[in-house]
Amino acid sequence: MNRVIAVFTKESFLVPLVAIILGLLTGAIAMLAGGFNPAKAYMALIEKVFGSAYNFGETIRQITPLIFTGLAVAFAFRTGLFNIGAEGQFIAGMIASTAVGVSFDLPAYIHAPLAVIAGAIAGGLWGSIAGYLKAARGVNEVITSIMLNWVALYLGNWIMNAFYVPSGQQRSEMIHDSASITIGWLSEMFDSARLHWGTLIAVIAAIFFYVILWKTKSGFELRAVGLNPHASEYAGMNVNRNVVKAMFIGGMFAGIGGASEVLGVFHYQAIMTAQPGYGFDGIAVALIGGNTPLGVILGAILFGILTFGAAGMKFGAGVPVELIRVVIASVIFFVAAHGIVKVFIKPILKKQKEGGN
Amino acid sequence: MDWGLIISNLVHDTIVFSTALIFASLGGLYSERSGVVNIALEGMMIIGAFTGAVITYAFQDSFAAGAPWLGFLAAGIAGAIFALPHAVASITFKADQTVSGVALNFLAAGLSVYLTKIIFNGAGQTTTLTSVFSKWSIPGLHDIPFLGHAIFEAYPTSYLAFIMVFLTWYLIFKTPFGLRLRAVGEHPRAADTVGINVKKMRYLAVTISGVLAAWGGATISLTTTSNFSHNTVSGQGFIAIAALIFGKWHPAGAMGAALFFGVAQSIKSLVQIFGLTKYVPTEFIYMLPYILTVLVMAGFVGRSNAPAALGKPYETGSR
């Protein structure tokens, strides 16, 4: 029991926890300033998410892409890279899986996996552009991946317009049923909430994340390069190759996320007027989750609940849905500036020391 | 087809589109020259566009033509205030500057639309402003054929932006203040040794950054769009960062890059007018600035040297 308490009072766990509380408080203050009742709004949020089977299922749908993009950012983080490009990798995945889903006519047991794999590879390749430029030309991956997000957005729209969108339409043809990864029976159980195999793949991806980083030699190299590239180089590791590899694997996670949105949720790809946003939310998810696979899943659950429940706040308490962005922004901010959080934690830790020991 | 008129229009539109980018990339320049990464330019522009529109809306009945100036001024102040959390996090608390910037971009996007909905009874955008900046024609000069329309008929904000470029160049390269600012961004320890207050300089730089970037945002809502909505800024802050890198952290370079990206913007309409979309899809023109930035950074178009201490928090007395 003591061990459990120790885990939950560790600073690494306390920082995100306090950041979340501070974020929710910031949201509450913004609501008060806007003349809303924060208690009522947060209650409405919870009610929205857990109130009906359909909404609960849709919340799971909302959480799924966040796990993928969260893993994409976290994986790169573990190897010393800041992947702001999950957005673009996500788009690359959507486009590739749409292409495969629409173009081919195959039996389902080949078609669906092929479409998912296409998304994974497209996302991986898109990620590895930033990785390659970092490795070969020493370019900071933060800026390139931001720029590549926009390139992906417009390039994706162009590919869709040129090949897959019937003229005069704003979205592609539907993917063939054989490429769909929707789980029919589960969807029926949740009043036709759009549940799909992507959720299971996300959990497997998180396990894969753990196994590859902590249980394989190659993962050891990736982490070593992230912790100290110079020492790793001295130890005979190929730093550049690891950078590209890390961005490829990270991009793959985001790519599958994009693929499962298309194959499992929408079954088509719309012309995008803005970035889907999951990539940016993924940064928050990864940060909250301390860049660990379990943390990412927990972070994604939190953010999925917040973003899906925001609609409930609107109906229940009149609070504009954008407020939840303020909460998320504050949480990211407080995690980034954990120095500020520590100011809040210090008294708690002190008390514990005095009382506990 | 009158090429003189077309080119005259193209230059005119380029200046209109570039103004916001010039302001914002100059903003980025102050912050980054002092060693603080600022990818929050987008968020700062959003806050500026929002504040500019709302304050102008509030005063347009009582102040008429003066209202946009009031809005512009307020936008600068709001930008300075909005920049403070970034300064506190990245300078005092030594946070990851990129993450803190990401957070501010998030915050601006959410907060501005949230407040807009509260102020305008649930509408996602401000009412169209009746009083915005009108173009200034320079007496005498604007009568010059073609050139007059191209350069001497512009929004006051455009003239101000170009003045700012010159002022920034002078301040950064010709004054003791500029020398200190650059020193702090290149070698903070050396600067500290000779008695420059590194943290104070950086706070100042980030604040100026907020003012200028917000002005960039206000330029958009108070000239071209005449209102504020969630897509008023739509990525221009990121292009401003691109312009800064493309321009090698130099005011004139940043201006040149901003003008270049402005051309890309105004060509967009030209391409559509002439039906060139058959040959060059508009998406590729949209992509151009971003692809160019990647190429520049990769050194295929020329090396870009960032300030040496960029992104590194400074610990007083560290070695």
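Start at 1 and count along the chain as shown; that gives each residue its number.
Glycine is treated like the rest: Cβ placed from N, Cα and C.
Automated prediction, rather than curation, is the source of TrEMBL annotations.
Look at TrEMBL and you will find A:12-39, A:59-77, A:84-104, A:110-133, A:145-164, A:195-213, A:246-271, A:283-311, A:323-345 tagged as transmembrane segment.
If you look at the transmembrane segment (A:12-39) against the transmembrane segment (A:110-133), you find fewer than three C-beta pairs under 8 angstroms, all six or more positions apart, and that falls short of contact.
Counting Cβ pairs under 8 Å that are 6 or more residues apart, the transmembrane segment (A:246-271) and the transmembrane segment (A:283-311) reach fewer than 3 and are not in contact. Through the fold, the transmembrane segment (A:84-104) approaches residues 65, 68-69, 72-73, 111, 114-116, 118-127, 130, 141-142, 144-146, 148-153, 156, 159-160, 163-164, 172-176, 179-180, 250-251, 254-259, 261-263, 267-269, 272, 275-280, 282-283 of its own chain, all at least 6 residues removed from its boundaries and within a Cβ separation under 8 Å. Annotation: stretch A:59-77 has the most Cβ pairs under 8 Å to the transmembrane segment (A:195-213), among A:59-77, A:283-311, A:323-345.
Distant neighbours of the transmembrane segment (A:283-311): 12-13, 16, 19-20, 44-46, 48-49, 55, 58-60, 62-64, 66-67, 69-71, 73-74, 77-78, 84, 86, 202-203, 206-207, 209-210, 321, 323-324, 327-328, 331-332, 335-336; these residues of the same chain sit at least 6 beyond its ends, with a Cβ under 8 Å from one of its Cβ atoms.
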